[in-house]
Amino acid sequence: MAAEDPHTPENEIDSLTPLPLDHRRGLWGVSVLAGLSFVSSTVLLVYLTVKLVRWHLKQWRLERQQSIDAQAPSSIDLTLGLAERHFFPPCRRNNSRGRENAESTPRKKAYPNQFLVLVYNLLLADIHQASAFLLNAVWLGRDGIIVHTPACWAQGWLVSTGDLSSSCFITAIAVHTYLAVVRNYTPPQRAVYATVIGLWVFNYLVAGLGVIITRNGADGGGLYVRAAAWCWINIHYETHRLALHYLWIFVSLFLTSALYISVFLSLRAKSHTESRLTRSQPKPLPSNQQQKAFLLYPLIYIICTLPLALGRIATMAGAHVPISYFCTAGALIASNGWLDVLLWGVTRHRLIFTEGGIDSEESGIGSFGVPELGMGGWRGSGIIRTPVGRRFGNLVWVHAAAGKGEEGRGRGKRRGRNKSDSQETLTGMMGGGDGGREERGGIKMDTVTSVTVVDVGERGKGL
């Protein structure tokens, strides 16, 4: 069999043993890169799984503690000087169950970051794809590609499901990025979960249709047989190759490229507009290099996926494609996994590797390595929380670090401040008396509080 041309349609579906030198060299490279993708994707997937499990356990304990705290009497005065009748709607006043109903009102449920959900599933797809090409190590060990074996069928199935699922979730991430960056829209969490489930169902349904329609290739010598350098869909089912696989791959390539180019152009337009404004925006836009980084996503996807797709299309058209081309294209598409880990780990490291990235609501520019509080600004955090059942009034905590030996940084001399019942001033770390106080860094906050009470049905009364 080795003496015949193994690339003709008559012989391509048959077993190939022993492996020709070009096959052996090419499959070694494909197997090594597939193994790298499999290991890197699995490691990151396990890491995210541990983080998600810990986060869910933490949320469960937090909700349980909040439920206990809501039932226990509070020793802290949270009234802000308001009567209890102002805390609840009019229909609940003088109702003994009003407080219980208010305290039993569920808080806004925390969800994992939508981008992390999509990346998590992309890693699963990359593991599918890497496993398919890692099976080439079986052919190297057997010194031949043996059809009608479980390994051959499994490789053909994993190639079909892995390529398609990886393309689907790359496109889903592109759509989500476009909505977050260009449209400033965050889809509902249920929509993201439904999309993930729908993509997996679509992926396995499309692959399963090939098995059902062809009766597992009963009329053509098998559905998954040798296709050049590894096992895939039988060349006699060219229509199924196109309709059930490469049609969707090309759609994904087009959509992903178009969406990321739109993101890039939108950011360029916004940066040019911002440069003409006299006052800067609340959140700075990415630099030119960061904007160009958005083009890396479709570029890497196209480089890794398109060569093999074009090679298969050329084969379907009757052209002779050398085995070295298929092995090179296979090595590229087998690199999808480790390149995704590298690319997403670098550009979205804040969401993937930081502790607060799990339930972060930021999926747009803020998650793309852009400082959230401005370039060169101070670093701190603010928390605003409404007490359980309260209609008016918030509690605000501001955390910041004081410098050592630093003088206050202001616009000159410190202006005088008047204190009254309605206005308070919080300065940084002070030292000395009133006559010669020296600012030693920290924060400054002027707080003006105005409370107005309006009773429904009673006009003219106020505070």
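Just so it is clear, glycine is given a Cβ too, placed from its N, Cα and C backbone atoms.
Automatic prediction, not curation, is the source of TrEMBL annotations.
Lifted from TrEMBL, the feature list:
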REGION    406-446  region 'Disordered'
TRANSMEM  26-50  transmembrane segment
TRANSMEM  115-137  transmembrane segment
TRANSMEM  157-179  transmembrane segment
TRANSMEM  191-213  transmembrane segment
TRANSMEM  246-267  transmembrane segment
TRANSMEM  293-311  transmembrane segment
TRANSMEM  323-346  transmembrane segment
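Distant neighbours of the transmembrane segment (191-213): 114, 117-118, 121, 157, 160-161, 164-165, 168-169, 172, 176, 223, 233, 237, 240, 244-245, 248; these residues of the same chain sit at least 6 beyond its ends, with a Cβ under 8 Å from one of its Cβ atoms. Panel annotation: around the transmembrane segment (323-346), residues 7, 20, 22-23, 25-27, 29-30, 33-34, 36-38, 40-41, 44, 119, 122-123, 126-127, 129-130, 133, 136, 163, 166, 228-230, 296-297, 300-301, 303-305, 307-308, 311, 352-353 of the same chain, lying at least six beyond its termini, place a Cβ under 8 Å from a Cβ of the stretch. Tertiary neighbourhood of the transmembrane segment (115-137): same-chain residues 27, 30-31, 33-35, 37-38, 41-42, 44-45, 48, 52, 151, 154-155, 158-159, 161-163, 165-166, 168-170, 172-173, 176, 192-193, 196, 199-200, 229-230, 330, 333-334, 336-337, 340-341, 344, 348, 351-352, 357-358, 363, 367, selected by CB-CB distance under 8 Å and a gap of 6+ residues from either end.
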